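Working notes for the structure below.
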Amino acid sequence: MPDPDAPESAPRFRDKPVSFVRRSGRMSDAQERAWDDLSSTYLLEVERDAAATSIRPGSTIDPVAEFGRDAPLVVEIGSGQGHAIVHAAGQSPERDFIAVEVFRAGLARTMLDADREGVRNLRLVEANAPEVLEHLLPEASVDEVWIFFPDPWHKNKHNKRRLIADGFPALAARALRDGGILRLATDWEDYALQMRDVLADAADFEASFEGEWADRFDGRIMTAFERKGIAKGRDIRDLTYRRRSRSA
Ligand SMILES: C[S@@+](CC[C@H](N)C(=O)[O-])C[C@H]1O[C@@H](n2cnc3c(N)ncnc32)[C@H](O)[C@@H]1O
């Protein structure tokens, strides 16, 4: 918790646009109940900075303590309703999973499904993902970072809100261990091209695919966003990168 005796500093606000608009959508009764009953099992308590979804710089979790074991760690950013991560966690009990999302109703749905499936190797963080990568996760603690169908912000005037842009690779590289994997997928061609350009310029990453695009990640179940992209005739683009060794 913040030190109550520390001199009060002026609140700091983010200096960059965030990649989300927080939906105020009301939760269903079942989601409200899930939030009340299941948060103590699944939701990680985090320290905030000025904004409601921020992470206080310097506040870090210890995944080994949170999960009660030392296991490979997968972090999904923008987990939405949680379909992909609940399924993956159920399929891989030997790994631990953290879902990062700002949409509270989606987090409640994720907890409901995880509880129904008996999934215990999953924790949720309600926060802005770049701050989770920069502050909350210990350096080199993560084996895989997944970002599937991030908000495309396809209008030119909104492009600057895209999550995977200059500055993002350094945050992912900080959290990933050497040899760790970054998996991306989108149905927006120009965002896929942007992702590829941004990662091509990132010294910390090397592509782990040959040719133009990676194969579809077979650990990803089909979510509504992927299905909708396909229904609209869009190509689904996967990209996979390996974090280079820090000592190289
Ligand atoms: C288009 S949805 C895709 C959801 C999910 N990955 C899927 O494929 O079904 C993108 C999600 O990312 C979340 N999101 C966007 N920016 C975020 C950020 N900076 N931190 C955490 N979550 C974010 C949004 O709230 C939204 O639920």
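Backbone N, Cα and C atoms are what each Cβ position is placed from, and that goes for glycine too.
As recorded in TrEMBL:
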BINDING   Glu76, Glu101, Asn128, Asp151  S-adenosyl-L-methionine binding site
BINDING   Lys155, Asp187, Thr223, Ala224, Phe225, Glu226  substrate binding site
REGION    157-162  region 'Interaction with RNA'
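This view paints the features noted in TrEMBL onto the structure.
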residue: Glu76; record: S-adenosyl-L-methionine binding site; DSSP class: strand
residue: Glu101; record: S-adenosyl-L-methionine binding site; DSSP class: strand
residue: Asn128; record: S-adenosyl-L-methionine binding site; DSSP class: coil
residue: Asp151; record: S-adenosyl-L-methionine binding site; DSSP class: coil
residue: Asp187; record: substrate binding site; DSSP class: coil
residue: Thr223; record: substrate binding site; DSSP class: coil
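You'll find the Cα of Lys155 (substrate binding site) roughly 22 Å from the Cα of Asn128 (S-adenosyl-L-methionine binding site). For Asp187 (substrate binding site) paired with Glu76 (S-adenosyl-L-methionine binding site), the C-alpha to C-alpha distance reads 17 Å. Comparing Cα positions, Phe225 (substrate binding site) lies closest to Asp151 out of the binding-site residues Glu76, Glu101, Asn128, Asp151.
Checking the binding-site residues Glu76, Glu101, Asp151, Asp187, Phe225 for a CB within less than 6 Å of any atom of ligand 1 leaves Glu101, Asp151, Phe225, listed in sequence order. For the region 'Interaction with RNA' (157-162), the DSSP-based tally of helix, strand and coil residues reads 5 helix, 0 strand, 1 coil.
A Cα-Cα distance of 16 Å separates Glu101 (S-adenosyl-L-methionine binding site) from Thr223 (substrate binding site). Across the residues of the region 'Interaction with RNA' (157-162), the predicted structure has a mean pLDDT of 92. Asp151 (S-adenosyl-L-methionine binding site) sits 12 Å from Glu226 (substrate binding site), counting Cα to Cα. Apart from Glu76, Glu101, Asn128, Asp151, the residues listed for S-adenosyl-L-methionine, the same chain places the Cβ atoms of Ser19, Phe20, Ile77, Gly78, Ser79, Gly80, Val100, Val102, Phe103, Ala129, Pro150, Leu163 within 8 Å of the centroid of those Cβ atoms. Ranking the binding-site residues Asn128, Thr223 by the number of CB atoms within 10 A of their own CB puts Asn128 at the top.
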